[in-house]
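Taking it in order: structure first as structure tokens, then the write-up.
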Number of protein chains: 2
Amino acid sequence: MDQNRELKKAGLKVTHPRMLILDILQDPAHQHICADTVYKLLLEAKTDIGLATVYRVLNQFDDAGIVERHHFEGGKSVFELSNKNHHDHLVCLKCGKVIEFEDDIIEQCQKEIAVKNNMDLTHHSLYLYGECKDGCNENIA
Amino acid sequence: MDQNRELKKAGLKVTHPRMLILDILQDPAHQHICADTVYKLLLEAKTDIGLATVYRVLNQFDDAGIVERHHFEGGKSVFELSNKNHHDHLVCLKCGKVIEFEDDIIEQCQKEIAVKNNMDLTHHSLYLYGECKDGCNENIA
DNA sequence: TCGGTAATGGTAACGATTATCATTTGCAAT
DNA sequence: ATTGCAAATGATAATCGTTACCATTACCGA
């Protein structure tokens, strides 16, 4: 069991809810997922995990660095596994599609801006919003 | 009256609450202000404008393009007058200070990324978070 | 297997924001 | 100036995402 080790490494006890939530996060179909959707998926899977636990576990995963939290427009947090390279996001406001991208030049500029303004940079959030030119199904995910 | 024209141009009736809120937004001391703070200032000014009206008016100003809405970390919206050049924000997580900056290179990169991914860019949000190296009073505004 | 601590689920509570609705106000036409 | 009516307002209930609380349950080392 791989999740097993992942949880222990983070100092978290291996419990049923945490395993199931990690499963969902690891499913490529569920990138950038919100707490509510995780909860719905757990319900559909006929488990009886409470919404409070979903929020708690996602927060713990965030604290442990297992997931990253994002604030896209809309007011709710979305999470993604943090086992990939740093990247930013391009979000389609029509269909909800999320494209990940990396841009070294932007990263470099940000560092310079922080230095210029006498700040220690801890993190940043960059979201580009737009509309797919084609292949957009108009359904917000 | 300057506000008068500003409101009419936006197709908004000139009312007491809207004038007062516009006053507050135009005060350089109140850049990046949240709805709650606007309401508190109105209370201190011995007016009897309701919180609902504050939210309503800020939304109308946003729709009319009079203000811009930002989502800094912390979950609440902050507003600033949009009568200045486009810029992004650098936020100190210790003292709450907000520094505005412009970076043409970053802007250019963003456009290229959108093109590369076949998206029409409508807007973006870029926030840099960090800590002042000095002169930071540790009080969240 | 047992025991204690940590984790859980249900639900109440919370903060930010919006909806509802009866009352008041701006303002165009008189 | 006066009137009429749609638009705006204020009080408050309701909503949404999230957290707090607390009695019960589940991990896991001894």
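Quick reminder: no glycine exception, Cβ is built from N, Cα and C everywhere.
As the structure is a computational prediction, the values presented were derived from the model and not from experiment.
Among B:H71, B:H124, the residue that TrEMBL places alongside B:H86, B:D88, B:E107 at the Fe cation binding site is B:H124. Under DSSP, B:C132 (Zn(2+) binding site) is assigned to a strand (E or B) in the three-state scheme. A distance below 8 A between C-beta atoms marks B:C92 as the binding-site residues from B:H86, B:C92, B:C95, B:E107, B:C136 lying next to chain A.
Candidate binding-site residues: B:D88, B:E107. Fewest other C-beta atoms within 10 angstroms, B:E107. Shown in sequence order, B:H87, B:E102, B:D103, B:I106, B:Q110, B:L126 are the same-chain residues outside B:H86, B:D88, B:E107, B:H124 whose Cβ sits within 8 Å of the Cβ centre of the Fe cation site. B:E107 (Fe cation binding site) falls within a helix when secondary structure is assigned with DSSP.
Cα-Cα distance from B:E107 (Fe cation binding site) to B:C136 (Zn(2+) binding site): 29 Å (rounded to the nearest whole number).
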